[in-house]
Every structure is written in structure tokens, then in C-alpha cells.
Amino acid sequence: MDLFLQTLLNGLLIGGVIATFSIAFQLTFGVLHVIDFAVGAWVVLGGYLAYYMAAFLGIDGFLVMPMAFVLFGAIGYLMGPMIYNVRNSRTARPELMALALTFGIFTLLRGGMLTVWGFNTHSVPTALSGHSIMIGPVTVPLIRVAAASFAVLIAGGLFFFLFRTRYGLAIRATAENRQNAALMGVNIRRLSANVYGLYAGITAMSGVLMGGIYSVNPEIGLRYTLFAFFVAVLAGLGSLGGALVAALLLGVIEAFVATYGGASYSHLAIFATLFLVLLVSPRGILRRGL
Amino acid sequence: MTAQAPAPGDQPILFVRDVHKHFGGIQAAAGVDLEVGRGEIAGLIGPNGSGKSTLFNLVAGMETPDRGQILFDGHEIGGKKAYTIARLGLARTFQIPALFENMTVSGNLLAAAAEGHWHGAQQRADETLALLHLEPVANNRASDLSGGQQKLLEFGRVIMRQASLILLDEVTAGVHPNIRKIILEAIARLREQGTSFFVIEHDMEMVRNVCDRIIVMDSGRVVTSGAFEDIVQNSEVMQTYLGRPQ
Amino acid sequence: MAQTMKNRWAGLLLLVGILVVLALLPVLVNNYWLRVATGALMWAGLACSWNMLGGYAGYINFGHSAFFGIGAYATAILMGADFAVPFLATIPIGMIVTALFAVVIGAPTLRLRGAYFAIATWAFAEVLMQFATVVDFTGGTGGIGLPPFLNERFFYFAMFAAAVLTYFLTWLLFERSRFGLKVKALRDHEPAAEAMGINTSLVKLQTFVLSAVVASVFGSIFAYWVTFINPKSVFGGDITDQMVVMVLLGGLGSLWGPAIGGVALFFVNRLIWMYYGDTAFYIAILGAAIILVVLFLPNGIAGLFARRSGKSGSVLDTVLGRLLGSRQGGRS
Amino acid sequence: MPKKDVSFSRRTFLGGSALALASGTISMPFVRTARAQAATFKAGVITSLSGENISGGNLTKNGYDLWAEAANEKGGVEVGGERFMVEMFYGDDQSNPATGADAAERLIVQNEVDFLLGPYTSGSTIAVQPICQKYQVPMISGSAESPNVWLAKPEFNFGIIPSVDTTSGQSLGVLAALSNPKAKTIAVIGVNEPFSKETGEGFQRGAKEAGLEVVAYELVPASGDLTPVMSKIAALNPDIVAVGGHEEPLINVIKTSKSLNYRPKALIMHYGVTNPAFAEALGADANGTSGVAVWLPTVPYKDDLFGTAQDYVARAQAKFGHEPDYTEAACSASGLVFADAAKRLGKKPSLTPEDRVALKDAIADTDITTFYGPIKFEKEGDHYHDNIQPVPVVIQIQDGKTVAVGPKEAAAAEFIYPLPSWK
């Protein structure tokens with residue numbers, strides 16, 4: 001029973017961790033209609049920023065998070081219009097060209113990081129790393145709780161922003177239909193810059209947490225991209241609430257299969273689940289996808 | 001509404017009885033009854049949201065009716081796949097042109113004939129291009145056409161189907177008078193060959209000139225049908241229809 | 001008219017010229033470049049197989065490596081001591097196994113659209129990779145070796161034959177027959193294609209199976225050529241990624257686009273790899289190259305040579321448009 | 001495109017190759033490379049310089065480069081009283097066996113190397129072996145620890161490091177003997193990837209031989225989250241946890257177990273622990289972790305080129321800024337094996353095909369002692385052409401430093417057992 005509870009908690013926290021880098025990703029698809037291959041690169045960049053801040057200035061990972069948001073938010077803001085232009089160009093398959101563009105960005109960033117920062121694996125120290133508390137028989141790792149809370153906070157914040165503010169309304173109108181947005185007087189290019197910047201900033205922040213929980217090297221980005229994609233599709237593309245549910249589902253499946261079925265089957269189970277869910281419910285588990 | 005389907009031979013080309021369809025809480029078709037006779041051009045009018053497009057989708061196989069009977073040329077087609085119905089000889093246009101955008105204009109025509117009417121397709125495509133005055137743009141990408149030309153091409157694809165019944169969804173809406181003229185000539189030509197038409201149209205002038213009979217829909221039901229002049233004289237119907245601008 | 005005829009003859013002459021050069025390549029270059037050419041032919045063929053579904057039918061398959069891998073494993077397992085099947089016999093068996101998988105997977109998956117289809121196929125490829133990793137008959141994660149056959153010319157001509165057949169088949173089916181018309185029609189507007197009597201589910205499935213089977217042939221030859229495979233090396237996502245990028249660079253949905261993209265990317269990769277090989281810098285160069293092509297050659301390299309008609313802009317237009325950001329299409 | 005002087009500076013290499021890229025692109029395929037004026041021995045290095053194994057790949061490159069540099073400082077490799085410089089050529093296998101084979105073919109055909117220095121990964125090594133066979137070029141591998149590498153009896157391939165099945169198992173016997181009170185139970189985690197899985201299997205066999213009860217044997221996917229497995233193991237509470245994996249999962253094992261506040265009495269890992277990046281990434285949390293090494297900076301061996309093991313360490317430290325680990329050492333020793341065989345063979349560069357076959361035979365007869373230890377290749381059996389001379393040493397990280405703790409005769413410090421809890 002204790003192991004069962006611990007497994008459940010592990011699963012929920014793995015899900016929370018996956019959610020941290022998957023939620024903002026929904027924004028790019030929902031609003032910009034772009035599948036961003038570079039999501040993993042933003043995660044890794046955030047991790048590196050935190051690593052260097054800690055190694056040279058001794059700044060705690062959590063304090064680096066706002067820095068990561070500002071820095072990579074600004075970079076994303078500058079890149080947003082380029083991605084928007086490709087996505088809305090008059091080529092035969094603009095959505096594919098946008099995907100290829102983000103794949104190119106991902107490859108460029110990965111190659112750049114390998115060249116500049118080398119190949120070693122680093123770890124980001126944070127105030128909560130390695131600390132845990134006991135609740136009854138269950139060990140609760142605090143950094144993962146922080147990550148899961150971050151995910152919930154971001155999801156809630158984005159939800160509030162999109163559904164309770166005027167600018168959020170503009171974003172949703174744009175997502176729905178560009179003509180609507182133009183009629184409302186929304187500057188779509190600026191909006192896409194803002195959205196991509198917001199997404200890149202949030203994702204880089206989650207990268208700080210990933211560096212604290214796991215470790216950072218330039219080659220692990222693809223793993224995050226893979227999971228962000230899977231969560232997005234399982235959730236229904238563009239669905240924020242779905243992303244939380246989907247991430248938790250993946251986490252719980254991984255934990256239970258690893259604990260009770262054999263860890264080597266855990267990823268087989270995750271991918272098979274995703275595949276089957278898609279066949280049964282093509283727009284994600286909550287059937288809310290675009 | 002328990003009328004039996006008419007015997008083959010003198011049966012109408014399209015026979016719709018008690019067809020229902022709802023989307024969520026919206027009843028888009030609430031017991032539709034209508035017929036389109038052989039060689040007839042039937043016009044379908046009604047306010048926006050009255051269920052005209054849903055009816056087209058039900059007949060063409062894009063939607064499955066909740067219940068009811070749809071006979072096309074004696075075949076039960078309710079809930080059948082769109083391509084099956086198309087192969088039986090029913091063709092349709094879409095309200096928003098649904099072209100094969102990355103194919104050439106002649107490619108669009110040939111693709112329309114690819115299933116079931118392939119023999120002599122190239123020659124018929126050339127004839128259709130000539131009929132619709134699309135020869136100069138035959139090798140252009142469909143997406144590069146003007147709006148009016150897109151309507152023409154959409155109509156051209158339907159011609160290539162050599163269909164016995166053609167559903168036209170606002171095929172002349174918003175097009176230049178010259179293009180409308182080309183379309184009307186083509187309709188007349190096909191009619192001579194015995195093709196039946198079922199037409200959604202908002203333009204009363206067009207309805208008057210082209211349609212043999214008018215069917216009026218409102219709130220998912222057929223309200224009335226008859227000759228254009230009769231319908232116009234029935235002020236209640238016109239109130240329903242014209243009283244709600246589109 | 002005379003102009004088109006002339007162009008057609010020039011094109012044919014060019015094609016024959018290329019084929020002659022390729023056929024004579026083994027006596028023209030050394031073994032290393034022959035090996036590179038073998039790889040380039042393989043990638044040109046794989047890119048073409050991906051383009052069948054991705055370019056002609058508009059379904060983006062992110063798990064195409066699954067079929068490459070099935071072909072490779074079929075050959076590796078069948079040529080092993082347990083079965084000792086001769087190499088050429090493993091190819092059709094691999095094709096049959098691949099076709100079965102493709103039908104079973106394709107029928108339900110092809111109901112999905114856009115990104116959902118793309119990621120469902122990715123998940124499928126990951127399932128196969130994980131499966132090959134955890135079971136024993138594939139050699140597990142440690143991989144599986146094949147009896148080495150050290151004749152580089154055999155593999156060159158095997159890839160050459162497979163690639164030529166692939167392109168001929170593509171030309172015949174997608175450019176010269178009504179099957180191609182149906183496929184392109186459903187790509188551009190599926191409901192309209194249905195309304196034209198086209199059984200889109202069937203046509204999609206046929207295309208999916210065809211593209212899968214072609215990939216499996218290359219997988220079979222690849223396994224025997226490289227003599228060692230493991231789950232990552234044949235099921236890995238980077239294999240599909242490369243095919244996708246090659247097709248996009250070359251020109252999506254065109255016959256020669258994948259060949260141009262495949263050969264160009266593979267050669268550029270190998271050249272950068274040769275000269276910058278002791279650093280990871282070539283990865284960054286590759287990424288920059290992809291970005292530049294997307295920004296400035298959105299119709300792929302093949303688009304540079306395509307006949308421009310109607311209102312489609314010139315390359316210069318596109319370049320200027322991208323730089324000045326003035327092109328805002330209305331398509332969503 | 002031969003480089004006349006042997007310089008490993010990245011900048012000159014980049015600059016030179018940019019020129020070469022401009023001038024050589026067109027002519028390259030059809031023109032054979034012009035020969036350098038002074039005869040040199042050409043060494044081809046195949047390893048992972050990008051992709052997931054980039055970390056280990058660079059370690060092998062470090063080791064190989066260090067030998068070439070040392071040899072060239074003395075004027076090169078001595079043959080018949082004359083010295084010949086060593087020229088290095090690199091081929092990145094992109095962590096992918098097929099590219100490894102491409103790289104081998106390129107180095108042999110294009111660069112006309114006289115011998116190869118083998119890849120980091122076993123997969124690449126297996127894919128390259130047939131190419132070596134085809135061109136009859138010997139390859140000395142300073143890494144590639146999977147037993148699969150030697151099963152096919154590769155005629156032209158030689159391994160410096162004992163394959164992992166011989167070392168990981170033995171280390172548990174050492175560990176069990178050191179533990180006090182004596183350890184009884186063990187859990188084994190293997191990352192399900194080449195090498196790591198075989199390490200896990202080696203641990204499992206070794207545990208049985210050492211009389212330890214294996215309470216759990218878990219294979220985890222390469223990118224899996226480790227909390228479920230660690231929780232499960234924590235519940236079983238074995239005395240020892242043994243892990244087979246590369247650096248990144250090893251770091252994650254420690255971080256995960258700490259975040260779950262679980263610490264076994266001993267934690268042993270194979271490979272990666274001795275890579276300085278491991279201790280650097282984990283800081284104080286790395287302390288107490290044990291590992292298996294076939295070579296340590298403290299071993300009492302020496303040779304003419306590098307001097308003592310400690311001299312070697314000093315040289316590596318100066319060049320790379322960190323203590324070398326056993327992979328780097330074994331890679332440097334690979335060069336010594338070549339130099340010794342070439343000297344015995346007595347053929348000047350460049351080697352003819354017949355010379356290379358003779359070189360292969362000469363390497364097979366190697367029987368030398370280097371700073372790395374004794375080197376002698378098996379002539380038959382499952383470890384054909386592998387050097388299984390080195391005895392695995394169990395090390396433990398103490399105060400951020402790697403120290404030998406067993407077996408007794410090699411121990412430089414007390415084995416800390418049981419490990420204190422995290423708090």
C-alpha cells in the first residue's frame with residue numbers, strides 16, 4: 001500500500017514535471033498554429049543559463065527563473081514574426097514549412113550549444129534540490145512539487161490571461177480566425193511576437209527546473225520536444241486544461257508500469273497509450289483539440 | 001408522412017422523406033420532405049440557418065441523417081459515403097469553392113473524372129475548358145484564379161462528373177455578370193442533355209430565370225413549394241424569407 | 001508547343017546523361033565516394049517514399065522510419081543463423097511484413113488529420129523502437145549483426161536499382177496516371193475529392209502502404225550494407241526527420257524535389273562533416289542552412305526550376321518579401 | 001588535404017578546412033589526395049563527436065590526441081632508427097553505426113590512413129569491423145567495452161579495455177568483501193541501451209558469484225524518469241545498488257535517490273563515475289559513490305613515452321584541465337600499442353596493404369607494459385583480441401576525488417561503508 005501511494009505520487013509528480021514544459025507549447029499551436037520543434041532547445045537553454053549563473057555567480061536556480069523569462073522571452077519576441085511570416089506564407093504547405101523552420105532553429109541551437117558549451121552534463125543547484133518531506137509513508141521530493149506547482153500556476157495564469165483579459169480575448173480571436181482579429185484592430189504580427197516570446201520565456205523557465213530535477217546537456221532537447229508533442233496531441237492541440245490532464249496521465253502510466261510492470265516497458269506503454277487514445281479520440285482525451 | 005416511395009420509372013430523381021438531423025441542441029433538419037423531378041431544376045430558398053446547406057450535406061453524404069429516407073435515382077443513400085453517392089451520379093458544388101488548390105485548372109477537371117468517367121476525360125476536359133472560357137488559364141494553379149474563375153472551375157468539375165443530378169450551392173453568388181452568363185449557358189446546355197438540378201440560391205432574379213419550381217425551407221422544414229410566381233404571391237412565405245435579410 | 005517539345009527532349013537527355021554517369025560511377029570514383037553515393041541514392045529513394053504520402057497526399061508521416069526499420073530488421077533476422085535466408089529473398093518478405101503493418105496501422109491512423117496524424121505516426125515508430133529494444137529476437141538494445149558482404153559495387157548498384165525503380169514508379173503512379181490525380185485531389189480538399197467519387201480512405205491507405213513498402217526495401221539493403229543495426233539506428237526519429245527535411249528542401253510534392261533535396265542534404269552533410277568533423281559546428285551549419293532554405297526557397301530547390309505561371313511570384317519576389325516581411329497571405 | 005604540421009588547435013583546423021571546403025569541394029571526389037612531402041604515419045580516429053555519445057566520444061579523442069602529441073614531441077614513432085610523425089584524421093560517427101562505417105571508409109580510402117583508432121561505442125565498432133576486414137586495416141579500440149564486440153572474432157580489431165562482462169561482475173566480489181557488516185542484498189539497474197545493459201547483466205552475474213541476493217533487476221529506458229524505480233528499490237532496501245549507464249543517467253540516479261531521501265549502504269556504478277564531469281556536476285552529492293575502473297591515476301605502471309601513470313596524469317591535466325579517466329588512458333595506450341607493433345614490424349610509412357596485414361599480426365603479438373598497465377590480446381575465446389589483463393579496481397569518490405578502495409592490494413583509502421544518510 002505504501003508503495004502504491006508512493007507510485008501514485010511519483011506518477012503525478014512526473015506528470016507535473018512533464019506539464020511544466022508542455023503547457024506553454026500549447027499556446028504556440030493554439031494561437032500561431034505552429035508545431036514548434038525547438039521547444040526542447042528552449043528548455044535546454046534555460047537550464048544552461050541557470051547552470052552558468054549558479055557556477056559563476058552562485059545564483060540559486062529559482063532566482064534565475066525570472067531572468068530566463070526576460071532573456072528568452074525577448075529572443076522569442078524577436079523571432080515570433082519570422083515564424084509567423086513563414087506560417088502564413090503562400091507556399092503550398094505553410095504549416096510544414098513552419099515546422100521545417102523550427103526544426104532548423106532547433107538544429108542550429110543544438111549545434112551552437114555543442115560548439116560553445118561542449119558536451120558535458122551539468123546540474124543546476126536550487127534551494128530545494130535533493131530535499132524532501134515525509135507525508136505519512138510517502139516521500140515527497142520538494143523540487144518536483146515546485147515544478148508541478150509551477151505547471152499549475154502557469155496553466156492557471158495563462159487561463160486567466162486568455163479568458164479574463166482584453167488582450168487574451170484578442171489572442172483567442174486571432175487563434176479562431178485571423179480576419180476577426182484584423183477587424184478588432186489587432187496587430188497580428190506584434191501579437192505573434194508577444195505570444196512566441198511568452199512561450200519561449202515560460203519554456204526556458206521550465207528548463208531551469210528541468211536542470212534542477214534532471215541534468216542539462218545539449219543533446220537532451222529532443223526528449224523534451226518528443227514529450228511536449230505527445231502531451232499536446234494527447235491533450236488535444238491548443239487545449240491548456242487538456243495538457244495538464246494528459247501530462248498527469250502520462251506520468252502516472254510511466255510510474256505504475258515502471259513500478260509494477262518493469263521499467264523497461266514504461267515508455268512502450270506511454271507511446272502505445274498515446275497511439276491508442278488518438279485512434280479512439282482523435283482530438284485528444286478531452287476532445288477539445290483544434 | 002407514411003407515403004411509400006414511388007415506383008421506379010416515373011419516380012423523382014431525388015426523394016427525401018422525414019429526414020432529421022441535429023447538431024447538439026440545434027435541429028438542422030426537422031423532418032424534411034421534398035422531391036426533385038427528372039430533368040427539373042428545383043430551387044431551394046430560405047433564410048440563413050434554415051437548414052439548406054445541412055440538407056445538401058445530408059443528400060451528398062457529408063452528413064449522416066438521424067433518421068428518415070433519402071432516395072437518389074431509386075437508391076437508398078441516407079448515411080452512405082459521399083464517394084458512393086457520387087458514383088451513383090450525384091455531383092455537387094460547395095458554397096465556398098473547394099478546389100484542388102495546388103493542381104492546375106485542367107488537373108482539377110481531370111481529377112473530377114478520375115473515378116468512373118475516365119474514358120475520354122481529356123477530350124471532355126478540353127470541351128469544358130472551352131465551354132467555361134477557362135482555356136487561357138488551363139495550366140495555372142487553381143489557387144491563382146480569381147474568385148469568379150474559381151466558381152467556374154468548381155462548376156466545370158461538376159460537368160466532368162457527367163452526373164444525373166447536380167447540387168449547386170450559391171454558384172452565382174457574388175460573381176461578375178459575365179461569369180454568371182457563362183454559368184447559366186452551361187446549365188442550359190446540361191439541361192438539354194437531361195441533367196436535373198437542385199439549386200440553393202439567394203438571388204431572386206436568378207431563381208426566377210432558372211428554376212422550374214421553388215422549395216422554401218425554414219427552421220429545418222420545407223414550408224412550401226411551387227412555381228416561382230405562386231410563391232411570390234404567397235406573401236406569408238415571402239415575409240418569412242425576405243423579412244429576414246441575410 | 002515547339003518550345004515544350006524542345007524542353008521535353010532536353011529534360012530526357014539530361015535524365016539519360018545522369019543515369020549513364022551514375023551507372024559508370026563505380027569506375028569514376030574511389031570506394032569512399034562510391035559509399036557516399038550509395039548513401040545519397042538511399043536517401044533520395046527514402047525521401048521519395050516519404051514524399052508519396054507527405055507531398056502527394058498531404059499526410060505528414062513522422063514515423064516513416066518504422067517501415068525502414070521493419071525492412072532492416074526483417075533482413076537482419078532472416079539472414080541470421082536461425083533462418084539463413086538469402087539476402088534477395090529477405091527483401092520481398094520484408095515488403096510483405098511491412099505492408100501488413102502498414103495496413104493495420106494505416107487504416108485507423110489515416111482518419112486523423114494534420115498534426116494528430118503526424119504525431120500518431122511518430123508514436124507508432126517509437127512503439128516499434130521500444131519494442132525492438134525490449135524483446136530478444138531483435139537482439140534487443142545491443143543490436144544485431146549481419147554476415148558481412150564486402151562488395152561495395154553490389155550495394156551501390158542495389159541502391160541504384162532501388163532508387164531508379166522508386167522514381168520510375170512514382171513518376172508512373174503519381175505523375176502519369178489517374179491514381180496520382182486522385183491522391184493530389186484528396187490532398188488539396190478531401191471532402192471535395194469524396195464528392196468527386198474518390199474513395200479517399202482507400203486511396204490514402206494505398207499510398208501509405210506503397211510508401212511504407214518502398215522504405216522497407218531501402219531498409220533491407222541498408223541493413224546488409226552496414227552489417228549492423230540497432231533499434232536507434234533504424235527506427236530513430238532522426239531518420240524520419242532527415243527525410244522530411246530533404247523533401248522540404250527539395251520541393252514538396254514534386255517528382256524530383258526529393259532527389260535534389262536528398263542528394264544535396266546528404267552531400268552537404270558529408271562535406272561539412274569531412275571538413276568540420278572534429279567539432280559539432282557542422283550541426284549548427286546544417287541548422288542555419290535549413291533556416292535559410294525555408295526563408296528564401298519556400299518551394300524547395302526544385303521550385304527554382306519550376307515553370308512559373310500566373311500570379312505566383314518570382315524567387316526574387318519571395319526573397320524580397322521575406323526580407324521586408326511584406327508577404328501576408330490569407331491562408332490559415 | 002594533408003596538413004604538413006600536426007597541430008590540434010581547433011582554430012587552425014577550422015581555418016584550414018574552410019579554405020579546403022572552398023577549394024576542395026569540386027575536385028575532391030575525383031582526385032586522390034596528394035601525398036605530404038615528409039612521410040608520416042596516418043592515424044584515423046573514428047568516434048562520436050556529435051549525437052548522444054558525444055561526451056564519451058570526446059574522451060576517446062582526448063586520449064588518442066594526447067598520444068599523438070606526445071609521440072610527435074619526440075619526433076614521431078620510431079621505426080628502424082628513424083622517426084616518423086603521426087598525422088591524425090578524424091571521422092565523426094554522429095553516434096550512429098552507419099555513419100561510423102562511412103567514416104571508416106573515408107579515412108581508409110580518402111585519407112589513406114595506416115591504421116584506425118576505434119570508436120567510443122560498441123555499435124559503431126561492430127559496424128566498422130567489416131570495413132577494416134575489407135581493406136585489411138588494423139583498428140585499435142581504446143573504448144568499446146561491450147562483449148559483443150569480440151564475439152565475431154574480428155581479425156583486425158583489438159581492444160585495450162577488458163570487456164565489461166569481465167569487469168563489472170568482478171567488482172561486486174571486491175565490494176562484498178570490503179563491506180562490513182557484510183552486504184547481503186543488491187538491486188541492479190541497467191539503462192536499456194548498448195553497453196549499459198551489458199554492464200547491468202555483468203553486475204547481475206557478478207552478484208550471484210559474490211553470494212549477494214539480487215532483490216531487483218530493472219532495465220530502464222534511456223530517457224526514463226528514475227523515481228518509480230528508485231522508490232521500488234527503496235522499498236526493498238537492498239544493501240547495494242549497482243547501476244550500468246552513461247554519465248547522464250548516473251547523475252540522475254543520484255539526484256533522484258537524494259530527492260527521495262533514499263541512500264543504499266553502497267552505490268556502485270560502472271563507467272562515468274571516473275569521468276571528472278560526474279563529480280563536478282554533482283558536487284558533494286557525488287561523494288561516496290563507487291565505481292569500477294580498469295585504470296587509475298595512482299597505478300604503479302610506466303612506459304618510455306608517457307613515463308609513469310602520474311606523469312601521464314600531469315600531462316593530461318595540463319592539456320584538458322581535468323584528471324584523465326580510464327577511457328582516456330586506454331585510448332592513449334592504444335597509440336603505444338601501435339608504436340610498439342610498428343617498431344617491431346620495421347616498415348616505414350606509408351604502409352602497403354601487405355605491411356598492414358603484417359602490422360595486424362604484430363599487434364596481435366603485443367606483450368608490453370605501459371603507464372596503463374600490461375597489454376596482451378586474447379588469441380581465442382569469447383574475448384578474442386581483447387586485452388583482459390587489467391584487473392578492475394573499485395573506486396570511491398571521497399571529497400570529490402577518485403580513490404581506489406579495493407581490492408586490498410590496490411587500495412589507497414578506506415572504503416566508506418555504509419554510506420551515511422543524505423541528511
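From the backbone N, Cα and C atoms, a Cβ is placed for every residue, glycine too.
Since the structure is predicted, the reported quantities are computational estimates derived from the model, not experimental observations.
Sequence annotations record features per position, and here TrEMBL assigns transmembrane segment to A:12-32 (among others).
Annotated transmembrane segment per TrEMBL: A:39-57 (among others), in sequence order.
Annotation source TrEMBL lists transmembrane segment at A:63-84 (among others).
Sequence-remote contacts of a segment are chain residues at least 6 beyond its ends whose Cβ falls under 8 Å from one of its Cβ atoms, and for the transmembrane segment (A:96-119) they are 34-38, 40-41, 44-45, 48, 79, 82-83, 86-87, 89, 217-219, 221, 225. What TrEMBL records for A:96-119 (among others) is transmembrane segment.
Among the features that TrEMBL reports, transmembrane segment is placed at A:139-163 (among others).
As annotated by TrEMBL, transmembrane segment applies to A:193-214 (among others).
Look at TrEMBL and you will find A:226-253 (among others) tagged as transmembrane segment.
Sequence annotations record features per position, and here TrEMBL assigns transmembrane segment to A:265-286 (among others).
Residues 230, 233-237, 239, 241-242, 245-246, 249-250, 253-254, 257-258 of the same chain lie 6 or more positions beyond the ends of the transmembrane segment (A:265-286) yet place their CB under 8 Å from a CB of it.
Remark: the transmembrane segment (A:226-253) makes no contact with the transmembrane segment (A:63-84), by the rule of 3 or more CB pairs under 8 A. If you look at the transmembrane segment (A:193-214), the same-chain residues 6 or more away from its ends with a CB under 8 A from one of its CBs are 17, 20-21, 23-25, 27-28, 31-32, 36, 39, 42-51, 61-62, 64-66, 68-81, 83-84, 122-126, 128-129, 143-144, 146-147, 150-151, 154, 171, 220, 224. Here the transmembrane segment (A:39-57) has Cβ contacts under 8 Å with residues 21, 25, 63-65, 67-68, 71-72, 76, 105-106, 109-110, 113, 117, 122-125, 200, 203-208, 210-212, 216-218, 220-226, 228 of the same chain, all six or more residues outside its ends.
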